[in-house]
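Asker: So TrEMBL lists these for the protein:
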BINDING   Cys91, His94, Cys162  Zn(2+) binding site
DOMAIN    21-197  domain 'GTP cyclohydrolase I'
Amino acid sequence: MDALIETSRKVRARPTRAQAEEAVRTLLAWTGDDPDREGLVGTPDRVVRAYEEFFEGYQDDPVALLERTFEETGNYNEMVVLRDIRLESHCEHHIIPLIGKAHVAYLPDRRVVGISKLARLVDVFAHRLQIQEKLTAQIADTIQSVLQPRGVAVVIDAAHQCMTTRGVHKPGVSMVTSRLLGEFETSESLRRQFFAMAGIGGV
Ligand SMILES: Nc1nc2c(ncn2[C@@H]2O[C@H](COP(=O)(O)OP(=O)(O)OP(=O)(O)O)[C@@H](O)[C@H]2O)c(=O)[nH]1
Ligand SMILES: [Zn+2]
């Protein structure tokens, strides 16, 4: 877990905002256009602001998000599923959006977490440069490590625009990844229940 967070936090000396804007100007010139023409003079500032939004997950602590839990659950110990969480991330290879849905489930062990926190957790990791496998693993492993439930299941179904708008040009393809921990790993019936509750095709 520590390694997981450390990896995400290990940041080189951050360039200044002016340096970031200059880098965008360079890319604009690389396209063959003129960065000084009226329509483009404000673009470096806009792009840097957009990057602040796309990658705000580097500023957030995923563990802190899950630390507030509730123990008065009326002995509820069945599966909790948050399904169809809209997911917007960027692939780390091309910095192009990958957009889809995450389904997150856990089997509580006495404590439950405020349900919005699961969606916030997805956002923290999605708002970093990602590959889908790592995104899926980070979400599941953080829930397992902080809440210590009896099991965690995460499925992500996302379309990668680096495969649709460039490169191989295959629209309509989506990538599905999953991480199943604890009782979800050992019990096929739980997995089936999860897939049914999340409304996704089971195995
Ligand atoms: N496994 C995995 N691959 C990804 C993800 N996002 C993008 N990719 C792939 O990362 C690979 C990078 O491959 P490279 O050959 O280094 O890059 P490229 O020449 O731009 O590859 P093409 O996309 O095939 O044109 C591509 O196959 C992408 O489809 C992801 O989340 N997971
Ligand atoms: Zn890509």
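The backbone N, Cα and C atoms fix where each Cβ goes, and this holds for glycine too.
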Asker: Excluding Cys91, His94, Cys162 themselves, which residues in that chain have a Cβ inside 8 Å of the centre of the Cβ atoms defining the Zn(2+) site?
Answerer: His90, Glu92, His93, Ile95, Ile96, Leu98, His160, Gln161, Met163, Arg166
Asker: So how many other Cβ atoms are close to Cys162 (Zn(2+) binding site), meaning within 10 Å of its Cβ?
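Answerer: A 10 Å sphere around the Cβ of Cys162 (Zn(2+) binding site) contains 17 other Cβ atoms.
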Asker: Considering the binding-site residues Cys91, His94, which residue's Cβ sits among the greatest number of other Cβ atoms within 10 Å?
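Answerer: It comes out as Cys91.
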Asker: Reduced to three states, what secondary structure does DSSP give Cys162 (Zn(2+) binding site)?
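Answerer: Its secondary structure by DSSP: helix.
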Asker: Taking DSSP three-state, what's Cys91 (Zn(2+) binding site) in: helix, strand or coil?
Answerer: strand
